[in-house]
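Take a look at the structure below.
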């Protein structure tokens, strides 16, 4: 080993100034111009030598110090000075190459993940209620009036009713659009509005289910087609109105063989007979129901502010008219009274008021809907044979369920608590009445509830009851309430859901005849549906009013399946006649199918509940915000 003194002497040059790096971090300056003598420098170097020998040099430092002038360049290339550390050049290159390689490998893996198709596990197959839901919504496509949209997906339908309203000299305004009510081509605002309200209610509660089923946009299109038409039937831009176009088309055949929508049997696309417009000037029931439809739809379309505001304005105008111009829209002898006769308008006041409160947050509507006198007139306190039956005519129980929702989740308290508690108790009583054990209503041997007391067309009432039971059970579950009391007996919410499922399962085929009453669902369903468009072939022939009778009277199945249509249903003995001319068995309706859709979506996808908050989005805080804390006291 060389001593440190010998090493340093070899690095000194005889003239000029040379800077050598001190391996301990500082520059070492050696100058021949220094005034010190050689002996002084020698003594100083000896001192440095003694200091240096007291420290141990690592291998790198020794190799650096040993490098002489002749081989220093070649040795230094083996190491790289990074300022704070000196590392082997080979090690540095290996490290850099490793980092680069790892980066390239990670990039390649990410590229593969992005480019190569993913094989995700298949989603679980839709349940039977979701399958039926897809079909039930298709019925509304087949009932459209006006210009058919390209995405309508009903090949045997086309443009129809393109002169509605304009051909009536007394009206002279466009009433194109909307829906035909049933197997004819009449547009009844009263049941149509109820159907739109029910569809909107189901979307507000179960938007996530519709979206999961891929039907959210479809059902919104269906609702908008209806509400766009309803806005045409009155001056929707005004704050005050004096009339509503309540009906387009005519069905009364008692005045002789005059061509109209019931006397003739033709495709809607081929209608050439007059289609009069029936206007009403005091029709509280119709106006309040239309207000409910527009108000509920405004919540569905709340993301479209302009359209939602238009619906709310129309609903306000209609409800104001309903309160000022008292009267039923279907007085005796009128055409509507023969088909959709309204029994009163008080239930529509409660129903429309509830929906307007949810749509606007204006407490005046809640005050009206919870007025004891109005509730009394609506039948909230005296019962009756039709108490608890939701239909196009009777909305009281629907309103009570809606307002029970308010009490369960927001509990507004005084001055509403007393009547809301009454509505809540009555709702639970109605739920009890649906259970077979209490025998409030008869059931067929096959299990179908007879809410219309054995009269024809029972299914439209059964699906509404199934929806109410299902949605109310979801309310209770969302409120962390496991059930409810019927007298002293406690019943689980599962009992309500079982009732709802039993009714829908009966309709879908679990009945004594093993027949589905929804066209296109299952392997056996009605083939002779009472429906003009479905029963006449689309063969280019334009049949006359009476010329189409042969298609009504034929025993052959309909040439077109009106997919999703729920027919009127069996009799009280579970019997069914698949006969086109008997509408009490085979005719579908808008109101019936709307209840079916609502019930189906509520029962589908059992792990998804209601949307608790959307319906309350317009309601301001019910209680004032607490005042801010006082400022700290200072002496």
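We number each residue from 1, going along the chain as drawn.
Keep in mind that glycine also has a Cβ here, set from the backbone N, Cα and C atoms.
Automatic, uncurated: that is what TrEMBL annotation is.
Per TrEMBL, the features are as follows:
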- 530: active site (ACT_SITE)
- 578: active site (ACT_SITE)
- 587: active site (ACT_SITE)
- 129-600: domain 'Glycoside hydrolase family 9' (DOMAIN)
- 91-113: transmembrane segment (TRANSMEM)
Rounded Cα distance, in Å, between residue 587 (active site) and residue 530 (active site) is 5
Between the active-site residues 578, 587, the one whose Cβ has the fewest other Cβ atoms within 10 Å is 578
For residue 530 (active site), the number of neighbouring Cβ atoms whose distance to its own Cβ is within 10 Å equals 25
If you measure between the CA atoms of residue 578 (active site) and residue 530 (active site) and round to the nearest Å, you get 9
